[in-house]
Amino acid sequence: MLRVPLCTPLPLLALLQLLGAAHGIYNVTQRTFKLDYSRDRFLKDGQPFRYISGSIHYFRIPRFYWEDRLLKMKMAGLNAIQMYVPWNFHEPQPGQYEFSGDRDVEHFIQLAHELGLLVILRPGPYICAEWDMGGLPAWLLEKQSIVLRSSDPDYLVAVDKWLAVLLPKMKPLLYQNGGPIITVQVENEYGSYFACDYDYLRFLVHRFRYHLGNDVILFTTDGASEKMLKCGTLQDLYATVDFGTGNNITQAFLVQRKFEPKGPLINSEFYTGWLDHWGKPHSTVKTKTLATSLYNLLARGANVNLYMFIGGTNFAYWNGANTPYEPQPTSYDYDAPLSEAGDLTKKYFALREVIQMFKEVPEGPIPPSTPKFAYGKVALRKFKTVAEALGILCPNGPVKSLYPLTFTQVKQYFGYVLYRTTLPQDCSNPKPIFSSPFNGVRDRAYVSVDGVPQGILDRNLMTALNIRGKAGATLDILVENMGRVNYGRFINDFKGLISNMTINSTVLTNWTVFPLNTEAMVRNHLWGREASDEGHLDGRSTSNSSDLILPTFYVGNFSIPSGIPDLPQDTFIQFPGWSKGQVWINGFNLGRYWPTMGPQKTLFVPRNILTTSAPNNITVLELEFAPCSEGTPELCTVEFVDTPVIS
């Protein structure tokens, strides 16, 4: 307890300062972060301030590695980080909130604070970020007519409930309240969206102010064009722009100045690389080009956020997609200064040298790249085909419907749904099956008749398929959700069979719809079990008409070598001879693999999901083709290597 001698008179202000310091509040109440319009800058505690920040997505990095990545950012000379909060990551079902483990956003922000990093918060509700549906939860689509990112009452009710949960958690973390959050973004690149709904923006401003107060700086970010800023910002929101090395810096900031004649120049997303799509080459930005452009930005006195400073991984099913439909791969490496695995790159050191020209960078050793280990090949054996495993994949039973139901109609938001019916006519001579009146396969469908693979229907390419079978034969269509569109007007991306299926002009009816809980099956039935000998060694049809297999689960185990210090270590898994599917290790969903499409050939395996105390389980769901058959089971292997392959 602070004791002030009564015989020593003190000025009232000095007494309040002592009392405030004793209770830990004085420094908090004096903390300020403001816009200085008169001199085109920020003021932090009354002193001129310029941030050089980097984007990091806690939801793409295991909690185990948060501190390592943040410390590397600090040592690069950054004084702030920028971060999104994806709504769907924290509210997977209406009213079901998750804020623990890898979802503990408050801990992540506190960790940044402890390391001396300020935080630029971007809580959405829409975030883009190449993340499924731009961070909006898929259950919003249960109201099929909903207009997302607008003043649609159904949307606003859901947004209001979410903000009432999230923003009160953020308020104690604001800079003026003793935390690290200096600015908060409202929405995200709203000027790129067709709605241009100012009532929606006003609603958000009102709710942000209600929950966070009037002292925090609220801002917007849009592409550096007048059209985008016209619809993307609003009075009382500070307008910023984003652009990469290919843009003219002067012209980009002239656009900002038309909306913000005074105040700091800000590039909220200065692109260090770019996103990838399956089937396209890996995107890169040359280090020299990036470093030169960063120097020019900083020489103008601009505040800069490097997007991304570390990309991370789209674990599980979290990747987004663009239109025309192009899903993003599991890796979100982004050619960033820190690699997907958190490794230091030439780009990291080049940017650090530039930053050092404008501000002091921390002294001391930079945390090294984490060691990697090649655990070698692991043999896998067949567990069951998807059709054989329906009893455990769909324990609550299927849903009956005259016509196909979408994923959201059966409350299956990610992964896979199996649609089953019977052929209404003889198809001994091949007849085409397709979706009518438009291609309603969302996104990729694996078709079989009486257990014989027929082929693949695809949202973009394979819109019709000839099938064979007798009248009354069982038709199975396994539909994969490959990631929802995260940008543009088509983010209301329904999944499954979203229109009727037709054979020879006959509409197929009387469907049995199986929502597949692959996560529960892997955790409860495959994790920790020995590789199974039941069934055939693979799911291949005996028919020679197709090289495809039935979608099949494969399992295997491997042990961490003994006698080697510091194991387990990070690694990468690759799939020689495999085609496309999903992989889990010890019940953790690493994401999608698709080496036949590329550019990503390996998946990052963080060491925190591995164990030395028991064999490590690998579960693979292969959808198209496995390298092994009954005669060559030794070919059914995956391999752990110490170097990523992305080209």
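Placement of Cβ uses the backbone N, Cα and C atoms for every residue, glycine included.
Since we're looking at a predicted model, the values are computed, not measured.
Listed by Swiss-Prot as binding substrate are Glu130, Asn188, Tyr334; the candidate from Tyr65, Tyr84, Tyr238 that the record includes in that site is Tyr84. When you check Swiss-Prot, the disulphide partner of Cys628 from the set Cys427, Cys636 turns out to be Cys636. Checking the candidates Cys128, Cys196 against Swiss-Prot, the cysteine paired with Cys231 through a disulfide bond is Cys196. When the neighbouring Cβ atoms lying within 10 Å are counted for each of the glycosylation sites (Asn500, Asn504, Asn510, Asn617), the highest count belongs to Asn617.
With a cut-off of 8 Å between CB atoms and residues at least 6 apart in sequence, the same chain places Ser55, Thr221, Asp242, Phe243, Asn305, Tyr307 near Glu269 (active site, nucleophile), listed in sequence order. For the pair Asn504 (N-linked glycosylation site) and Cys628 (disulfide bond), the Cα-Cα distance reads 36 Å. Listed disulfide-bonded residues: Cys196, Cys231, Cys628; maximum Cβ neighbour count within 10 Å falls on Cys628.
Neighbour count (other Cβ atoms within 10 Å of the Cβ, all protein chains): 10 for Asn248 (N-linked glycosylation site). Each of the recorded positions Asn557, Cys636 was scored by the number of other CB atoms within 10 Å of its CB, and the largest score is that of Cys636. In this structure, Cys231 (disulfide bond) is part of a helix by DSSP. In this structure, Asn510 (N-linked glycosylation site) belongs to neither helix nor strand by DSSP; it is coil.
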